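As recorded in TrEMBL:
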type    : residues                          : note
BINDING : 184, 200, 201, 202, 203, 204, 205 : S-adenosyl-L-methionine binding site
SITE    : 62                                : site 'Interaction with substrate rRNA'
SITE    : 64                                : site 'Stabilizes Arg-xx'
SITE    : 106                               : site 'Interaction with substrate rRNA'
SITE    : 110                               : site 'Interaction with substrate rRNA'
Ligand SMILES: C[S@@+](CC[C@H](N)C(=O)[O-])C[C@H]1O[C@@H](n2cnc3c(N)ncnc32)[C@H](O)[C@@H]1O
């Protein structure tokens, strides 16, 4: 059975950028975490004031979207059966490769700690088999060169209305892509390689939930429940 590949693209996951690293809100936060300011993960719920002057601020500082996505994906029966591949692409063109053996991270605080480490070391854990690795590459390179497919199915509000089961069927051929930031359009590369633009329900849903519905539909069509 083919694996389902899901990519969270242009995710709002990054370390604190230099231009706001000296803001008092960031300095106090970094001190609490006992890290240099540029080594902590940017998070709008903690760094709201500091982010006021930041370019594209409405598309940044939402690591909780990645947290929820990974929690749903890694805990799924599909992943437990070894039928899921998960990638997190970030707005700065880093890609996190997630080992299916990675245990779901249930504490948000712990998630932030692991992400800080991942950005610093390039992999976690430092020794032995990597559970997560981060590499510098764009979405198109990931899809075409690493995964080895011609295109993607882009899930976005305003495409064609297609039920999850049908998207799951397309997932046999193409990676399914959800957006990892709260507002606005995907980057241009995503549109360039999109074979299909679709949405599953008339209202805007959380991206982890959309990913979860596709995973559940894929579980059905691949016989995970017998
Ligand atoms: C919170 S939404 C992003 C919101 C949207 N781009 C905007 O400007 O308000 C995050 C992602 O979840 C997915 N998503 C949200 N609602 C969806 C729906 N009804 N059908 C399919 N995907 C959806 C899409 O990948 C979307 O980009």
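Just so you know, glycine gets a Cβ as well, placed from its N, Cα and C.
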Among 62, 106, 110, all listed as recorded sites, which has the most CB atoms within 10 Å of its CB?
62
Once the chains shown are all counted, how many other Cβ atoms turn up within 10 Å of the Cβ of residue 205 (S-adenosyl-L-methionine binding site)?
17
Show me the subset of 110, 200, 205 whose Cα is within 10 Å of residue 62 (site 'Interaction with substrate rRNA'); these are the recorded positions I mean.
none
Can you tell me which of the recorded sites 64, 106, 110 is spatially closest to residue 201 (S-adenosyl-L-methionine binding site)? Compare CA atoms only.
64
Binding-site residues: 184, 202 - member with fewest neighbouring CB atoms within 10 Å:
202
Quick one, of the binding-site residues 200, 204, which Cβ has the fewest other Cβ within 10 Å?
204
List which of the recorded sites 64, 106, 110 have their Cα within 10 Å of the Cα of residue 184 (S-adenosyl-L-methionine binding site), in sequence order.
none
Those recorded positions, 64, 184, 200, 201, 204: which ones have a Cβ sitting under 6 Å from ligand 1?
184, 200, 201, 204
Max Cα-Cα distance in Å among 184, 200, 201, 202, 203, 204, 205, the residues listed as binding S-adenosyl-L-methionine?
18
Translate the DSSP assignment of residue 62 (site 'Interaction with substrate rRNA') into the three-state scheme.
coil
Of the recorded sites 64, 106, 110, which one has its Cα closest to the Cα of residue 204 (S-adenosyl-L-methionine binding site)?
64
Around residue 64 (site 'Stabilizes Arg-xx'), how many other CB atoms lie within 10 A of its CB?
18
Which residues does residue 203 (S-adenosyl-L-methionine binding site) neighbour through Cβ under 8 Å, counting only same-chain ones at least six apart?
none
